[in-house]
Every structure is written in C-alpha cells, then in structure tokens.
C-alpha cells in the first residue's frame, strides 16, 4: 500500500503549475469553471467571516482566493505532495490577502496528525477518497478530522460518487473525450468488493489510482466521533441549484451550459458535509 501512496504523491508532484492563460485555453475549461463554482458556493455556505480553515489535500492552493473572498482569518494547508505545497506557498505570497497562512507537507489521510488546535471549517476538495485505501487509513483520517474540528464546525468535501461510477460501469459508459475510468477488477471478485480504479482527466490527471468512497462506513465512522451528516448532493444538482441562487457569481465565473460529455465528468462527484456536534453542556 505504501508503494501506491508513493505513486499518488509522485503523480501530484509531477503536475506543473499552469498559468491562467494556459488554463483558459484548456479544452476542460468549462469543467474547471463548474468545479470551481461548486467549491466557491460550498465555501460560501459553510464559512463565516473570520473563520479558521484547515484545507486537507490543498494541492497548489487553488482555493486561496475563494477563502480571501469569504473573509476568513486563518488558513492552514496540508498536502502529501511537497512540490504542490511549495507552489501553494508561492501563490499565497503573490496574492493580496488579509488572512494568515500556514502550510505543511504531510499525509493527513494515513498518518496521525496533531496541529495542536481546532478549526471552524475543515475542507477536503477532490481528495478525501484517498483515505479509503485501507480501513486503517480511513480510521486515521477520520480521527485527524475529529481532532481538529471545533464543536459546531463543518467538514466540507467533494468526492467521487461510488454509486455513479458503478452505474456507469453497468451501462458501459466509463469514458469520453475528457475522462477515462478503468476498474482494477479480477474476474472472481464481485463489484461490491472492488476498492480502487484508475482515473484519467484531460490536462489534469493521468491514470492515477483512486479509491471508492464507502459512504455508509464513512457516515458510521464520523458518527462514532461526534460528527453528523448535514448535506449530500450530486454535483449536477448542486451546480444547478446554486446557479439559480447565485446568478452574479455564475456570470462572474464565466459559467455556461455544459455539454453532455462535460456534464458526465462533473456528474461523477458529489458534495458532502458533516458537522461536529456541540456537547449539550456547551449548547
């Protein structure tokens, strides 16, 4: 398993930072814009002015500007890829911001982590599925989150939907011009037991190992740690609902109608939010 984790780390270390001009020319620009709009709305919904935020799997710091616009007071970014953390530091230095920033290169999903403080919001965008590599890894990741989330605080995430992927597998729709999913399945193994797959996304991810999210197990694990599920919604529904509620932001971010193939990529994912319960004595 360590070999696979190293492969994932090296994959993200190898991805070069692309300038805004290059991103705008990408064939996946509409997909990127849709994903960024969804993340911006998710941050708006669950982040208050002055909040402290722990961003797990922060990558190159692509959400820093979203948090600046949300008016947070402190940001702590953690990622397994050292190169990504260095790029995030550069991005933070070069932007106008009013909040404090800290970064740390660490595996927060498979290694015990204690930053010595709690946060109002913990975010995991397109990365928490890596916690499902083993049962032990998931347990460690969930304990890391519970340890660092303030009572009443929110854990917000975007993850691939196992249900969507398996439904497409049954229908034989596992790729288009933008993406490709390859299941690592042996003949005698039932689909319910398959834990991982290979994912490729044009201009972004190249045949990287990803893990299925066991939703029931995740909810049960967080429940034992005092976190309850407050929202679960597929990306397409979330995108359409928030587009109606935030027409100005939608226009500002250059959103348009997604093609069928673009929608297929966006529709792989879902929004999931947990809230840490407040002890009755503190309520």
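Using the three backbone atoms N, Cα and C, a Cβ is placed for every residue, glycine included.
From a predicted model like this one, the values you see are computed outputs, not experimental measurements.
For the domain 'mRNA cap 0 methyltransferase' (26-277), the model gives a mean pLDDT of 95. Here Swiss-Prot flags 26-277 as domain 'mRNA cap 0 methyltransferase', drawing on sequence analysis.
Its Cβ taken as reference, residue 35 (mRNA binding site) is surrounded by 20 other Cβ atoms within 10 Å in the chains shown. Sequence annotations record features per position, and here Swiss-Prot assigns mRNA binding site to 35, 36.
According to DSSP, residue 57 (S-adenosyl-L-methionine binding site) is assigned to coil rather than to any helix or strand. Among the features that Swiss-Prot reports, S-adenosyl-L-methionine binding site is placed at 39, 57, 79, 107, 125, 130.
According to Swiss-Prot, the site 'mRNA cap binding' annotation covers 60 (among others), on the basis of sequence analysis.
The local packing around residue 66 (site 'mRNA cap binding'), expressed as other Cβ atoms within 10 Å of its Cβ over all shown chains, amounts to 19. What Swiss-Prot lists as site 'mRNA cap binding' is 66 (among others), and the listing cites sequence analysis.
The site 'mRNA cap binding' annotation in Swiss-Prot covers 91 (among others). Long-range C-beta contacts of residue 91 (site 'mRNA cap binding'), restricted to its own chain and to partners at least six residues apart, with a cutoff below 8 Å, comprise 60, 61, 64.
Under the heading site 'mRNA cap binding', Swiss-Prot lists 129 (among others), citing sequence analysis as support. Other Cβ atoms within 10 Å of the Cβ of residue 129 (site 'mRNA cap binding') number 25 in total over all chains.
Residues or ranges marked as site 'mRNA cap binding' in Swiss-Prot (evidence: sequence analysis): 210 (among others). In the three-state DSSP reading, residue 210 (site 'mRNA cap binding') counts as strand. Listed in sequence order, the residues of the same chain lying 6 or more apart from residue 210 (site 'mRNA cap binding') and placing their CB within less than 8 Å of its CB are 129, 130, 160, 196, 197, 198, 199.
Counting Cβ atoms from all protein chains shown, residue 269 (site 'mRNA cap binding') has 22 others lying within 10 Å of its own Cβ. The site 'mRNA cap binding' annotation in Swiss-Prot covers 269 (among others).
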Report summary line: Per DSSP (helix/strand/coil reduction), residue 107 (S-adenosyl-L-methionine binding site) sits in coil
Report task. Consider the recorded positions 66, 79, 107, 269 and say which one has the Cα lying nearest the Cα of residue 35 (mRNA binding site). Result -> 269
**Report entry** recorded positions near residue 36 (mRNA binding site) (Cα-Cα within 10 Å), from 66, 79, 107
**Finding:** 66
